[in-house]
Amino acid sequence: MYLFTGTISAIFISALLLLFVHMEHEKRKLSDRYNMNGGKLLKSIKIEIFKKEELDKITKNYSTIIGKGAFGEVYKGTTREYMQVAVKRSIAINKDRQKDFANEIQIQSQISHKYLVQLLGCCLETEVPMLVYEFVPRGSLYDVLHGKNGNMRRDPISLRARLDIAICSADALAYMHSQASQKILHGDVKSGNILLDDEFMPKVSDFGTSRLMSIEKDHTNWVIGDSSYIDPVYMKTGLLTEKSDVYSFGIVVLELITRKKARYDRNNSLPLNYIKASMEGATGQMYDTEILSSGEDVKCLGEVGLIALQCLEVDVDDRPTMTEVAEKIKRCKSRWLQSHWHGKTKAL
C-alpha cells in the first residue's frame with residue numbers, strides 16, 4: 001500500500017516538475033523572442049507593447065482577415081476599450097521578415113501625420129513581431145476603385161473626393177520625404193497601400209519596405225515594391241530615391257482619373273497607354289466617365305493627368321518633388337472649384 005502511494009506521489013511530483021520545466025521553457029522562449037526582436041531598444045519608443053495572449057483575444061484567434069500581401073496578413077480586432085484595430089502578422093517566419101518588421105516599428109514610431117496610418121503598438125513575443133495599427137474602415141483605394149477580391153461592385157467616388165485623395169496622400173509622402181534629420185522613403189507606393197476612412201480621406205500605409213535615410217544620403221538599396229508601380233530607374237540601378245516614390249505616385253494619380261488598374265485588360269500598362277494617348281491627343285478617352293459631367297471636369301482631369309506624366313518622366317531630375325505634386329493638384333482643384341462656382345452664378 002505504502003509502495004503504491006509512494007509511486008503515485010513520485011509520478012505526481014514528476015509531472016509537476018515537467019510542467020514547471022515546460023512553463024519555464026516557454027517563458028524563456030517568449031523572453032528570448034522579446035529581446036531578439038528589439039524589446040530593450042523599443043522600451044524607449046512610445047508605443048504599447050502587447051503580449052501574444054492579448055492579441056489572440058483582440059483578434060479572436062485571428063478569425064477576421066481584412067488584408068493579405070506578399071509579406072503578411074492583416075486581421076481586424078477589438079481591444080478591451082472597444083477600439084477597433086488592425087493587426088499585421090507576417091506569413092513567412094525568417095530573419096528577413098524580422099528585419100522588415102523591426103524596420104517598420106522603427107520608422108512608424110518616428111512619424112506622426114494626419115494622413116499616415118498610426119502605429120499603436122507591437123507584440124515581440126512571436127518569432128516575427130506583430131504590429132497593431134489604427135483601423136481604417138473603408139479599406140484600400142485599390143479595392144474602392146477596382147473592386148475587392150474579384151468582386152466587380154465598386155463604390156461611387158466623386159471627382160472632388162479623388163482630388164482630395166491625391167492631395168492628402170501627396171502631402172503625407174511629402175512629409176515623409178522632408179523630415180528634418182532623416183527623410184523616409186516609402187518604397188512601395190500604390191493604391192493598395194492607401195487606405196480610406198468613412199469620409200474617403202486617405203491614410204498612407206505599409207512602411208515595411210521603407211528605409212530611413214540620413215539627410216546627407218540621396219538613395220538607398222534593397223527595397224522591393226510592387227512591379228506594376230516600380231520606377232524603371234530603380235529597376236535598372238537598384239537605387240531607391242524620393243523620386244522613385246514620385247514615379248509610383250504618378251501611376252496612382254492615373255488610377256484615380258481613369259479607374260483603370262496599373263496593369264489592366266490582361267497585360268495593358270496604364271502609364272504606357274496614357275503616355276501614348278497623350279501623344280495622340282486622346283487622353284479624354286481614358287478618363288472614368290463617372291466623373292465627367294462638364295467640360296470643366298475634362299479640363300481638370302487633363303491638368304491632373306499632365307501632373308501624373310511629369311511624375312513619370314524618364315529623367316528623375318525632371319520629376320517634381322512630392323511637395324510640388326501636392327501643390328500642383330491643389331491649384332487644379334482650386335481652379336476646378338472656381339469654374340463650378342462661376343457656372344452656378346451664371347445659371348442664377
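Just so you know, glycine gets a Cβ as well, placed from its N, Cα and C.
As annotated by TrEMBL, transmembrane segment applies to 6-23. What TrEMBL lists as domain 'Protein kinase' is 60-337. Residues or ranges marked as ATP binding site in TrEMBL: K88.
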Residues that sit under 8 angstroms from the residue listed as 'ATP binding site' by C-beta distance, when 6+ apart in the chain:
G72, E73, V74, M130, L131, V132, Y133
What is the pLDDT of the domain 'Protein kinase' (60-337) when averaged and given as a whole number?
88
